[in-house]
Amino acid sequence: GMPIARERIDSLQICKLIQCVRDRNRDQIRKLVASGIPQLVNYGEPQDGETPLIVAAKENDEDMVEFLIKEMGALPDFGDRGGVTPAMRAAEQGFVQALEALAKAGADMKARDSSGKNVLFYCIQPTERHAQCMQVALKHEADVNSAANDGRTAFFVACETADKNPACCRALLAHGANPDVVQRASNRTPLMAACASGSAEVALAALMGGADPNRVDKQSWTAAHYAAKGGHLSCLVALSGYGANFDAYDLRQCNPVHEAAAADRALCIKFLGQRGCNPKPKNADGETPRVIAKDKGFKECLKELRKVEKSYGRAGRNCERWALALYDWTVVRGADLQARLQAEFDTSGSGQVTLEDAAQTMLALGAPWTEDCAKKLGPLYDKAKNGSFDYRDFLLAKKYINKLYLMSAYEPKEKKGKGKKGKGGRKKKAKYPFEICVMPDEQMLRTAEGGPPIMFVPQVSNVTDAERFDRDRPPAHPLQDDSAWYVAAPAHTFVNINDAAKHGDLDSIKLALQKGYSTETRDRLFKTPLMVAAHYGNMEVAKFLLEAGADVNARDNFKWTPLHHACHAGLIDMVELLLKNGANIEAVALNGATPLLRAIETSNLNLVEFLLKQGAKASIETKTGEMIHEVVQIWGSAEVIDFIRTKFPIEAAKDGKGKGSKGGGKGGGKKGAAGGGKKSAKGKGSAKGSEGGARRLADSIVQAPAPAPRIEDEEEAHIRRKARILHDANALDGGYEEAEDVTAHPKGHWLEQPDTGSLLASKSRYRQRFGWESDFPDYRNPFQRNIWNKLEVEGAAED
């Protein structure tokens, strides 16, 4: 074996020699070898046992390799501590020149390291240099069938990564590698490894070399199990062409269809079912392939499983097993067959040979050709009726294979072009753009002070001693409530400004506006606090927001204005408030509906009459083509239907369609409080819709405005600081007489709260506005109540 430097002097000398090899200092190498310990050039360094020759091979220095071997007497087969020889290290790095130099010097290519691997194992890498190293090793009689200690041969290891280095696998096969060798530990074969990696080229080469496609490993898996699990359809085709039995079961009673279903391999399921693998049996867990696919949510697999379950076992035309095996063989070997027939029997290129020549050629190539094949296929491809055989037409296989079983059926189908109308087809309505709500980043990020996004405002709470003061016993004056000095202040809380508007938290809204928050702060559906207050009927909040400058005609994601929300809630007082503050009575929503149609949906006759008196137009039409009579027929109650039909006869409405006829009443000839609405003629609406439908998706994504508190700019801050400095300087010089400020500032501040009597009075007003049912948990607003009543009427009619 290789000597290892163990003594101090030995270690120093071998390390010095290795350094000289790296430096290519031949003179110093000669001195060390001549004056050092005997056989120093063959010693290994103490850590890994690398010899100077191994170091030269790892440096790809072929001149140094020749120098060490020829002049210094280095032995080319001495390895390191792991038995790795210089040739193995050179092959591992892909150093062709160093490996050739070692081979010329007589390096043993059959040598094995401590794990039983020879130099071929170190050549298995997906590079051109490693392929050249393998050719060098094979040329110098490396043993291709030498197995490592774990039972794997070089060809087996190469097949495990066959998808990356098919050339390496082919080279080993060409030099006599056994394609059917079995690994002792698992009983796997190189064919199984190639199918698991997905290399149909290597799998076919192994089958052509004599590999058994039906051999099983220790868990009774065949090569088809591995190919099905990996979804390698081309490997399954090669296996089918060489006689593989797909209906094979492992120790868990799973066949390849079970494995394909568990791995979402729909095309493999289709192929296996057509080639004889039963898709119906249960495994040891009692699961069929369909149950496995259903549990994992593989819809494409379920679709294919239903098809193959239906067709399995049925006798069909042009789908016999022998025909499919022959066709699959022609798929993988068709190019070789055509090339040989053209070279030997059809030099003129006519595409015609004799049936005997075609049969002999296919048998020579290993095709599953029998006498029955000749009897059945010969007449099909004898166009001239003279015993000839059209091999080009035969390779297409359309005459003896059902089109559903051809490989073209496994190719992705092209989607048919859309837009053409069929005969008698109805013209589709234009699709109107639906704007996608996207909050801008500045509204989703925290504020500069570290607070939550600006849609969340500080929530006001009363800090007081509940045992001394409450809503019925408020402090007599601000200084009386000294609770803030001894009561722990609650943690800062924040509330969505729209939630504050919903629940009537006017104090929090006031504080937010004082701190610079905007009245147009929106949620993710573009709704403003005024819309929420209008929907829930909070009059005080709505009045305050309007006084603070809230936009009375703001739009949400459905293009609803606060007036739409108020009409949808059936609140006349809220509608009147909004109209007095400039709300547009003819505002059109996304579907073309105006506030009048929203009022009809609640079946509130008083509200409908009020809107018509305020000038709401009755000759409106939605984008779906519905006019006021259709809407009232669908949504309205009996009294609302009678009112609309009496006030606006159907004939008059049809005559005045598109002419802009207006509702009756005192203000019938006037426009709404904020001006007239848009025209709703059908033609114009359709044109607008078609233009909108053609917009790109990006044009439909709308971002809500991002209101932010006003921030003092740098120039204003500079002017303010300068004025303050001048003021203080003059005061110090006696220029100003500062008056003493004796104002008292209490630490706590009592918030005005309604007493019990005021709360009861507000409850009474709430019942008058919303009805006595509003106190109960099953209360429904006017719109919900209208829908519920209609459902009850329809249910009674069905009964």
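Heads up, the Cβ atoms here are built off N, Cα and C, so glycines get one too.
As recorded in TrEMBL, the features of this protein are as follows:
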COMPBIAS  661-678  compositional bias 'Gly residues'
REGION    654-701  region 'Disordered'
REPEAT    48-70  repeat 'ANK'
REPEAT    82-114  repeat 'ANK'
REPEAT    186-218  repeat 'ANK'
REPEAT    525-557  repeat 'ANK'
REPEAT    558-590  repeat 'ANK'
REPEAT    591-623  repeat 'ANK'
Spatial neighbours of the repeat 'ANK' (48-70) far in sequence, C-beta under 8 Å, 6+ residues away: 2, 4, 14, 17-18, 21-22, 24, 26, 29, 41-42, 76, 78-82, 84-87, 89-90, 93, 95, 97-102, 105
Confidence summary (mean pLDDT) of the repeat 'ANK' (48-70): 90
Per-state residue totals over the repeat 'ANK' (82-114) - DSSP helix, strand, coil: 17 helix, 0 strand, 16 coil
DSSP-derived helix, strand and coil totals, residue by residue, for the repeat 'ANK' (186-218): 17 helix, 0 strand, 16 coil
Counts by DSSP class (helix H/G/I, strand E/B, coil) across the repeat 'ANK' (525-557): 17 helix, 0 strand, 16 coil
